[in-house]
Every structure is written in structure tokens, then in C-alpha cells.
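Asker: Can you keep this structure in mind? I'll have questions shortly.
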């Protein structure tokens with residue numbers, strides 16, 4: 001293997017103070033609930049025949065209640081079972097039901113839980129003037145990185161994510177962007193009547209941090225577009241469909257040890273999706289998630305609260321926590337998340353500089369892809385242990401009660417000749 005050094009010229013017209021993206025909600029209020037739509041989780045251990053019989057029962061109850069109470073006249077969605085999700089040992093379905101049917105479902109002996117569907121939000125970002133300090137930070141062992149007109153080396157192994165797939169559950173990816181060099185793949189589009197493109201920009205931006213030739217941590221990795229958002233929000237009906245597709249695609253393609261999922265999304269605590277991420281972990285699949293941008297404890301957010309996801313908070317170039325970044329004991333690691341330049345919407349060469357934990361999470365997802373390309377990491381537990389073992393401790397100012405560990409790619413410990421004075 002060879003070792004590579006990428007010189008990054010950091011140009012910024014001015015230094016802004018702490019950025020403050022609009023916060024995502026911590027709890028599901030009335031505006032977050034999707035009226036008449038539910039996510040039903042079944043108990044583990046049911047046979048295929050039991051699940052089939054249960055769904056027949058659901059359909060009969062739903063039809064009877066529609067006939068008895070004319071639920072469809074209320075304008076609430078009551079179309080019955082909509083989509084089915086199977087992630088490892090977890091069986092779920094979404095559906096449009098009247099309240100009486102939902103109550104009957106909750107009492108069924110095969111049902112673990114019935115939750116109203118909710119809106120979920122992209123971990124929001126703030127646009128600022130262009131900068132590229134984040135990559136240099138990845139190989140600097142947490143050494144503060146100058147922001148103004150300064151050359152910073154990003155040092156990395158030339159395997160650089162080769163032969164690894166990063167799945168981006170987001171707004172889609174412009175796979176034709178020059179940064180992806182043909183490594184972008186259109187995977188799944190859950191949004192009905194919308195093309196599999198990225199008109200919002202967020203997914204392309206995230207993918208560029210993972211695997212862009214200029215802006216990416218893992219410059220040779222493949223990025224797979226899994227579109228569950230069309231704008232800044234979506235629902236678990238689409239998100240679970242997309243996450244289910246990702247897990248099946250990774251499993252069917254026999255690439256569990258060569259794949260990572262990035263979720264730069266955030267919403268109120270939602271146990272059904274935390275359960276989905278946990279079951280993907282049990283199935284052998286690594287998921288990296290944003291801590292969220294509320295400036296509060298990430299334990300109240302999903303998917304940040306998923307116990308076996310890698311939860312990522314944002315750090316600034318001088319090792320301070322931006323005021324927007326969530327924190328707490330659930331945060332595993334800190335990564336660059338302010339003034340990060342990457343790909344953008346609008347053209348195949350467009351770029352944008354943004355801030356938020358949406359930028360921090362793909363730095364770590366990129367690191368996972370990078371390490372998978374040349375290390376034997378046989379399980380998500382091994383991946384997490386390796387990523388955390390490489391971190392540099394006790395550098396983040398105002399980390400509150402979070403584990404104080406900043407991201408590092410381990411290059412200085414590898415047997416290479418480093419540049420003088422690095």
C-alpha cells in the first residue's frame with residue numbers, strides 16, 4: 001500500500017461565530033404526527049403463517065370498521081396495510097387506519113407496538129463561505145487546523161475505500177457529479193412520482209464528504225443513493241422502506257463487511273426506527289448517524305439514540321463544540337461539522353459549504369469505508385471498536401458529559417514515511 005498526501009488550500013473571507021441552524025423538534029408534537037398513519041411492530045418469533053394470518057385479520061378488521069363508521073369520509077388516510085418491512089428478526093408494517101382499528105391492533109397478541117407515523121427531518125445545515133479544513137483534521141490527530149489561506153495535508157492510505165459501498169439514505173445523489181468519477185449508483189427511490197435525482201442537495205453533499213475525489217474521506221468508495229426524502233422532511237413510511245431495502249441489498253450482495261450506512265437525519269425519539277437500526281446491527285451491518293442540531297442531549301433524538309449506531313457530534317477546527325451540535329453519553333465520536341465544503345445540487349460541478357452534524361456523520365462513515373478497504377473488520381462491533389480505538393481523547397471543549405473523542409484515521413501510526421515536521 002502507498003501513503004498519499006493531499007494538499008488543501010483553505011480560503012475563507014471571514015470567520016463566523018458559532019452557527020445556529022434551526023433546531024429539529026425534540027418531541028413529537030401534533031405537527032410531527034402523520035394523521036391516520038401508523039407503524040406496527042410485531043413480536044419476535046412469529047412464524048410466516050402467523051404473520052400471514054395476522055395480516056388477513058388486520059384487513060378484515062379494517063374493512064369492518066370502514067363499513068361501520070365510514071372512516072374514509074373523514075379525510076384521514078385509511079387504506080389499510082401499506083408497506084411491509086423485515087430487518088433481521090424485526091417484522092413491521094405501515095398502514096392507514098382509523099382510530100378504532102389502531103386500538104384493536106394494539107391489543108392483538110401478535111403486536112408489540114403501534115406508533116403513529118412521524119415526520120423526520122434532515123439534520124439541517126447552514127450555508128457559509130467555502131472552506132476545506134475537515135479532511136486535514138481527519139489525519140492530524142486532533143491538532144487544531146488553521147482556517148485561513150493555509151495549506152493542510154490530508155494523509156491517507158491509497159486503498160481509500162476501494163471495494164466498499166457507502167449507502168446514503170437521504171434526498172438522493174447526483175451520481176453524475178464529477179466528484180464521484182462514475183462510482184455513484186442509483187439504488188432505491190421510495191418517493192412516489194418523483195425522479196431519482198437530488199433536487200434538494202443534501203444527499204449529494206453528504207455523499208461528497210464520504211467519497212468525493214476532492215472532498216471525500218474514502219476517495220475510491222462507491223456511494224449508493226437511497227432516496228427517502230425529496231425535501232427537508234419525510235416520514236417513517238418512506239424511511240423504513242428505504243432502510244429495509246438497504247439492509248436487504250447489503251445482505252443479498254454479500255457485502256456486510258464492505259458496506260456502511262449513513263443517516264444524516266434527525267427527529268424526535270422514535271423507538272420503531274431505533275429497533276430497525278438495532279436489528280441491522282444484529283444482522284452484521286454498520287450504521288453511522290448524526291447526533292442532531294438542537295444543542296441538547298442526543299438521547300432524545302432518533303436515530304442518534306440508537307445504542308449500536310455510531311453517533312457523531314460536530315467539532316470546529318479549533319476543537320470546540322459548535323453551539324448547534326447535540327451532545328451526551330450516546331455520542332460516540334466528534335468529527336468536523338462546521339464550514340465543510342462538498343458537492344451540491346444544480347450542476348455536475350456544483351459545490352457548497354455547510355455546517356451541521358449532517359457534515360460530521362459522513363466524515364465518520366467515510367472513515368469506516370476507508371478502514372474496511374484494507375483492514376479485516378468482521379462485524380459492526382469490530383468496526384466501532386476500531387474507529388473508537390483510533391480516536392484522540394480529551395480535546396473537545398464544551399463536550400459536556402459526552403465521551404470526549406475526536407476522529408482520526410490512524411495514518412501516523414501506519415508504517416509510512418511521513419512528511420517532515422508532520
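Note that Cβ sites are derived from N, Cα and C of the backbone, with glycine treated the same way.
Note that the coordinates shown come from a computational prediction; the quantities given were computed from them, not determined experimentally.
Taken from Swiss-Prot, the feature active site, charge relay system applies to 170, 202, 358. Per Swiss-Prot, the feature domain 'Inhibitor I9' maps to 37-123; the stated evidence is sequence analysis. Annotation source Swiss-Prot lists domain 'Peptidase S8' at 132-422. Among the features that Swiss-Prot reports, N-linked glycosylation site is placed at 249, 262, 389. The annotation signal peptide is assigned in Swiss-Prot to 1-17 on the grounds of sequence analysis.
How buried are these features, and what lies next to them?
Answerer: Here residue 170 (active site, charge relay system) comes close to 122, 198, 202, 203, 206, 207, 225, 226, 227, 228, 229, 262, 264, 265: these same-chain residues lie at least six apart in sequence, with C-beta atoms under 8 angstroms from its C-beta.
In the three-state DSSP classification, residue 202 (active site, charge relay system) falls within a helix.
A simple way to gauge crowding: the CB of residue 358 (active site, charge relay system) has 31 other CB atoms within 10 angstroms, across all the protein chains here.
The secondary structure of residue 249 (N-linked glycosylation site), as reduced to three states from DSSP, is helical.
Mapped onto three states, the DSSP output places residue 262 (N-linked glycosylation site) in strand.
Annotation for residue 389 (N-linked glycosylation site): no same-chain Cβ neighbours under 8 Å separated by at least 6 residues are found.
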Asker: I need the CA-to-CA distance for residue 358 (active site, charge relay system) versus residue 249 (N-linked glycosylation site), whole Å please.
Answerer: 24
Asker: Within its own chain, what residues at least 6 apart in sequence put their Cβ under 8 Å from the Cβ of residue 249 (N-linked glycosylation site), listed in sequence order?
Answerer: 167, 187, 188, 224
Asker: In the domain 'Inhibitor I9' (37-123), how many residues does DSSP put in helix, strand and coil?
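Answerer: Final tally across the stretch: 35 helix, 33 strand, 19 coil.
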Asker: Tell me, by DSSP, whether residue 358 (active site, charge relay system) is helix, strand or coil?
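Answerer: Helix, per DSSP.
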